[in-house]
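If you check TrEMBL, you get these features:
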type	residues	note
ACT_SITE	B:Cys337	active site, phosphocysteine intermediate
BINDING	B:Asn274, B:Ile275, B:Cys337, B:Ser338, B:Asp339, B:Gly340, B:Trp341, B:Asp342, B:Arg343	substrate binding site
DOMAIN	B:125-501	domain 'Myotubularin phosphatase'
Amino acid sequence: MEFSEHIKTANVEDVVLKLPFQPPMRGTLCVTGHHLLFSDRAEEREWQLLLLLRNIDAVEKSVENLLGYPQHPKAGQSQRTTGSSGTIIIKCKDLRILQLDIPGMEECLNIASSIEALSSLESITEMYPFFHRPRELSLNDPWGLSSPEQDYVQTERLWDRWRLSKVNSDFSVCPSYPGAMIVPRTVDDDALVKAARFRQGGRFPVLCYCHHRNSMVIMRCSQPMTGANRKRCREDELLLQAVIDESELGYVIDTRSAQQAQQARMTGGGFESKSFYRPWRRIHRHMERGKVLQESLIKLVEACGDPSHNMDRWLSKLENSKWLSHVHSALSTAGLVAECVERDGHSVLVHGSDGTDTTLLVTSLAQVILDPASRTFRGFLQLLEREWVQAGHPFQQRCARSAHSHARLRQECPSFVLLLDCMWQIWRQFPLALEFSEALLLRLAQEAYASDYGTFLCNNEQERCTLGVKENTHCLFQFLLRCSEREKYINPLYEPTELAIWPSVQPQSLQLWTGLFLRWTEHAETMAEAREEIWTIIKEHRERTGAEETTHTPPTHRDTFTAVENLMDELTIL
Amino acid sequence: MEHIRTPKVEQVKLLDRFSNKSTTGTLHLTATHLIFVESNATSAQELWILHHHIASVEKLSLTTSGCPLLIQCRNFRVVHFVVPRERDCHDVYSSLLRLLRPVSYDELYAFSYNPKQNEQQRDEGWQLIDLGAEFERMGVPCDQWQLTDVNRDYKVCETYPRDLYVPITASKPIIVGSSKFRSKGRFPVLTYFYQERKAAVCRCSQPLSGFSARCLEDEHMLQAISKANHNNRYVYVMDTRPKLNALANRAAGKGYENEDNYSNIRFQFVGIENIHVMRSSLQKLLEVVGTRSLSVMDYLVGLENSGWLRHIKAIVDAAIFLTKAVTVEGASVLVHCSDGWDRTAQVCSLGALLMDPYYRTIKGFMVLIEKDWISFGHKFADRCDQLDGDPKEVSPIFTQFLECVWQLTEQFPQAFQFSEWFLIQIHEHIHSCQFGNFLGNSQRQREELQLKERTYSLWDHLLSEQQLYLNPVYSPSFAETHPVLEPSTQPWNFKFWRNMYHQFDRSMHPRQSILKNTVMLKENSKELEIVYLCKTYLLLSWSYILSLYTLPVHSVHPGSLFGEERTVEGSSATENGYGEIKGSFGSKSEPAIVSLEFGVARMTC
């Protein structure tokens, strides 16, 4: 395999690993094609760390000549005479930071360069999901939870006015859409093709949610290409007309400010003008995207790593990162969409410019607010599959690097992390309404950046088809729904409610997601113990009430990552 | 009653502080309360505001719908009434102005409040907390510390209690001499004894050292404290003020201990700001969080500029310093500030809370407050503005202490027997003047007022309903494994206490509460367990068991957690989750207007 080209030193003994809140460990370090393996077999306890190289965001190395500056007085431990050593600091995309002290300057440099090369491989088919073959999963297992076809068949309230179109089955109409979409029944495929030409990236308006209470819908698309000379597209106008009855109104929620939408016309984009889309009212709600959002994340993570104990400095850094403002605007825009649908009884069309980031953020949060089905464990994963994976959120580009990376920013943007943060805020305010726990959100935040599974690979369905992702990798969502996994992520307090859950968006109601951003910086032991206690109370309660026997165990956040699995499989591949 | 001109005003509107919602009802003015009764037939909710809770009444300029009256309360309730007629509004306004400024203690609610208890019950209530027993629990008196009767008649220090504990080697002349060298006569006395290391936490006020004055008796006093501890000869002297303040005090003949004059002391400034800084800090904080449609940026900037969390952290930092000196180094510590009744009380009590699991129980916490705050003369009357007094004396010192405790409960969810509602309830009553405990400024004054004969004890009341304040995840075994708490002082652990400062702003609360739910489950399990035991061992008939044991379930329904007189927004019926969700968004007012909860999207069609 070509991985070996990058590995000059595969094994180093006597490496010291320093993890937050743990005593330093001495053991053997091993670099493989996809993993960094550290194992400590010194004493009776056997401890291993298996880190996906893909998870590594930045490597910082420093080498020292020990002859000049003796650092380890306990030279008895290592009999090396080279007299030099090096330190590698590894900063992960899941925000963990670990330090490796490696004896031998050359070894240290070799390891660092291997990590650098292997962690930034671009070829998707060489990534670990294509090699991950756990014994308990089979490639013949179903991939994914649902498809647009199934969604359509299962939603009876759609049949009357909506149909399933396979106009994009070869991805020629819109490369970032899936093969099938739900569109108004009265609009034929030719009209869709024409409407697609009028929308950026071919993302014409499609249905994403039909409200169970009043059959009002949420649709999404990208910006119309009206350009400077106010082009029109009859088919696009008719498509939107077909969504609502003549007497009714619809709202277009544009996730850009009015000024930005105007400016977009200079580069060929634009917005739906009042005169051509008569029953539609346009509302602009500015949301940050792209580089601004990525820089916000970088600043926040930097602030969380600040060792100073100064209150004012922390608050000003937190404010300066603007992360909570982004959480606020995402939740309030989603709240607005939900309000239009539920309280006002109108349909809504959401778009920004590309329709692949803020648009999806808003439509998926609005569905969580409105739809009890998307608050179940399975339902939420289905929502993510539908609104993010199939709808073409470019995970590969957005999650290529995270907050620690020194590389120049390209298309990175933490839209998905922002969604998870908003979900966490909703969970904080409605701790009984979601069937899943914070542990699931944390797991997803990690999997989106580095995963054993193929779910978040590629930018859209077309790429997944071309590369055979579904045939050659395992599906994360299917895996999480398996009984043994599922228990880790269940919310013990879950009580389903049919009502909409309206989150408060007052700044006093929003909080920093410490579980994610301070996961590795803070001692959360006492918190975990308290969570366990709640579990116990609930279990006792269930036992007493004679409810079905529950064997749930408390979710422990840290163990999800360190589990060493199937190393042997990988080693044989090498 | 002579102050009430208009006892009842109808058609008064109550505006929500943060949304456009309003309710209409009738306003009643009684001798003790301002009552608003919603006129909606289906949910006639009531809002009771005790006059003592009202911090300020403001008449705003006339609007088309009536005359607005803005009432701000010390328990952070802000109510905005609109009275249809200007004359009524003025009558209510002027009546309130008089009623909320009682000039003598006899006018306070505590002297008219009667919970239907007989004399014996009242006395028992007052005897619940016994500080002598508390010092015994700590292991005092012992071979090094003794009880002194020097202050028996409040002659040496009138703001201290009668019973004081001093080192065995400190003779009366030394005590008296030392007290003359200390501001307000508050000489060093024991407040907590850490038995394990025989280390003492002592408190006093600043020395009257000026630029060079010395006092041999005072030096002897500190020597005696040092000698009483065999583990560590050094005594830490913690001056909780910023150094600059202490320096400035020297010009007024006060100041701090000179390390050269005292043997074996280690002097340390801690830098907690004074009452004036704290008062304006809270003022700023409340202004910021009271802003309508506040942006996240303005909120965080405002939080920082108010300095409130910085002050809270400074107090916790000081308590951690104290705890480490005592538990790790086994050293005795002497804590003081200027007069030794504000910052000193905060640091000593918080330190003791960190060191001793007993204070983290409901009863223990009461003892702690009784000891470090009430008996040692924290000036509750002045600080909480119980009587019409000097506004410069008012300061949220005790509120800060409660908040520090809350910050700790957030870090150690299993360490405390009580939940935040207990803290909030205590806060409610330092201002309510409904019970005698917090009235007055010192023990001596309380005895003169004959509070134990004429009023009731809050502790008795709180203990009788302690079910409501239990922390469901409290674990006594946690105390065994963590006798001393070591909180993290990373700034992100200090959070804005929403449930205190927005306790009445329902729209801001989490819509469902883990705490309440867990309490409920736990209670249910207990009931079921009792039923189960009865069934198996007593072989009682089902109907009998049910009639016996199902009753308490209703009485401890967590809906009553908020107390009946404290909620405008929801009766206990809405606490079941569904109701709360429903209640949180009200009805749609006009069909084509997207309501403003999520922003500015007003549209006409």
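Glycine is treated like the rest: Cβ placed from N, Cα and C.
Since the structure is predicted, the reported quantities are computational estimates derived from the model, not experimental observations.
Feature map: TrEMBL annotations on the structure.
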| residue | record | DSSP (3 states) |
| --- | --- | --- |
| B:Asn274 | substrate binding site | coil |
| B:Cys337 | active site, phosphocysteine intermediate | coil |
| B:Arg343 | substrate binding site | helix |
Cβ-centroid neighbours of substrate site B:Asn274, B:Ile275, B:Cys337, B:Ser338, B:Asp339, B:Gly340, B:Trp341, B:Asp342, B:Arg343, 8 Å, sequence order: B:Ser205, B:Thr240, B:Arg241, B:Thr344
Cβ packing number for B:Arg343 (substrate binding site), 10 Å threshold: 29
Max CA-CA distance, Å, over listed substrate-binding residues B:Asn274, B:Ile275, B:Cys337, B:Ser338, B:Asp339, B:Gly340, B:Trp341, B:Asp342, B:Arg343: 12
Packing count at B:Trp341 (substrate binding site) (other Cβ atoms within 10 Å of its Cβ): 27
Whole-number Å value for how far B:Cys337 (active site, phosphocysteine intermediate) lies from B:Asn274 (substrate binding site) (Cα to Cα): 9
Nearest-integer angstrom distance between the alpha carbons (Cα) of the residue listed as 'active site, phosphocysteine intermediate' and B:Arg343 (substrate binding site): 6
